[in-house]
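Copied over from TrEMBL, here are the features:
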type     : residues : note
DOMAIN   : 17-460   : domain 'Major facilitator superfamily (MFS) profile'
TRANSMEM : 12-39    : transmembrane segment
TRANSMEM : 51-71    : transmembrane segment
TRANSMEM : 83-100   : transmembrane segment
TRANSMEM : 112-132  : transmembrane segment
TRANSMEM : 144-165  : transmembrane segment
TRANSMEM : 171-192  : transmembrane segment
TRANSMEM : 230-249  : transmembrane segment
TRANSMEM : 278-299  : transmembrane segment
TRANSMEM : 305-328  : transmembrane segment
TRANSMEM : 340-361  : transmembrane segment
TRANSMEM : 373-394  : transmembrane segment
TRANSMEM : 434-455  : transmembrane segment
Amino acid sequence: MLEPVRVRELSVLSTGGLLVLLLGLLPPVMDVFIVNVALPTLSADLGGGDSRIELVVVGYGAAFAVMLVLSGRLGDRFGRRRVLAAGLAGFGLASLWCGLADSMTELIAGRVMQGAFAALVPPQVLATIRAATPQARRARAVSWYTSVSGFAATFALLTGGLLLAGDIVGMSWRAVFLVNVPIGLVVLAGIARSVPETRSESPGDLDPIGAGLLAVVLLAALIPATRAAAAPWTVTLLLAIPVAAMMLWRWEIRLATSGRTPLVPPELVRTTAIRRGLLLLAPFLAAGGGFLFAFPLTMQDGFGFGPLAGGLATIPMSAAFFAVSFAVPRSLARFGTATVTAGLILQPIGLALILGVLHGMSVTPWTIAPGMALVGCGQALVIGGVNASVMAAVPAEVAGVGGGALIMVHQGAIAIGTAIVGTVYTTLAAGHGHAAAFSVVIAVQIALALALAAVSGFRR
């Protein structure tokens, strides 16, 4: 008879355990963008207008962002290894649902479920690394977490292109979802053997009321952006944003003054470095999410790239992001937050190079490679620099909540940016062509980055 694995006797996260956690982190983060390269194919197969195509992307991001609010608290209370395993298992089942979907409605529903379960993963991975890694190895492990997270997001388009081009046993676009199932099974087995259980000694309240109000704010911003053209009445939902936001703020203050744990501790919002960092990061990530939505559609529908060629075109951006992200801690130590400003300048230079290729050269993965590499460098400096600056300013007693809030801003901004840019892009593409629509997206992103560089207040 086989001996059961005594996972609860583990107290220190080994190198093997770290690798398992990082492997488990890949699918939920990659699935934010991996579907983008498959949008033309699945749209032709399942039908649906532009707004429904957007919902395939935005539905995942919205559910991800909303559930992130509770994810960290669930791990603190019930055990991070247990919640991580539940998240990966649910994510695998939702991926199977998406891969077997026969209609756009089924696919969108599956994507929402995917996003909700995906949100359980990153906070548990990061919290386990912090709680179970010896001090001497902790900074390095956290650096790997940050690098893998960013790399997974930018590498997703290439992975999607490879899966579509391979057309494994005729699965076509379904492969980008079904590939998550075997990966999830491998990670679940690894978690049982090599990841210790950790939890907080004083877990905070779950605060479902705060989570519900935050969900109202996010959804009231998202729905009009994706459906306004088809259903103008949804614009009235924007009126709910200030009302729900005020109710949320008063509720959180009430919890804090009564000695309970608020969803977002007021001290996070009151800290200048945190507030400035998140106000800079949110529009930057929103624009980046829109870029990664429009890029594969432009390359495939506008310039005739296949999914693989479109994915290959993102390699310079992915490689640059991964390499530069490891240099961010040293750059911050030497140059301070001028690192962020440098990224806000590098990215527009790269975008300008891409814009020049669109209108002055033959568009190939090679001709846009220099611009894509600079975009990746800029993104790594900005995202890595702001993340580090924000987390350094978070009080130690609310570090877990601060990390969860940061991830929530990431996903919420990407979802909103994809919705807004997606609506503008698809509208312009229908009337003026994909190249013209993508040019507008790039021009706005350049202007935004330069404006953020000018007013960010990030200096050495």
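Glycine residues also receive a Cβ, built from the backbone N, Cα and C atoms like all the rest.
Taking residue pairs at least 6 apart in sequence, the transmembrane segment (434-455) and the transmembrane segment (51-71) share fewer than three C-beta contacts under 8 angstroms. In terms of C-beta pairs under 8 Å, the stretch of 12-39, 83-100, 112-132, 144-165 lying closest in packing to the transmembrane segment (171-192) is 83-100.
Here the transmembrane segment (278-299) has Cβ contacts under 8 Å with residues 33, 36-37, 39-40, 54, 57, 61, 153, 157, 160, 305, 307, 309-311, 313-314, 340, 344, 363, 379, 382-383, 386-387, 390, 405-406, 409-410, 412-418, 420-422, 425, 429, 434-435, 437-438, 441-442, 444-445, 448-449, 452, 456, 458 of the same chain, all six or more residues outside its ends. For the transmembrane segment (434-455), the residues of the chain that approach it from at least six positions outside its boundaries are 280, 283-284, 287-288, 290-291, 294-295, 297-298, 301-303, 341, 344-345, 347-348, 351-352, 354-355, 358-359, 378, 421, 424-428, judged by C-beta separation under 8 angstroms. When each of 83-100, 112-132, 340-361, 373-394 is scored by its Cβ pairs under 8 Å to the transmembrane segment (12-39), the top-ranked stretch turns out to be 112-132.
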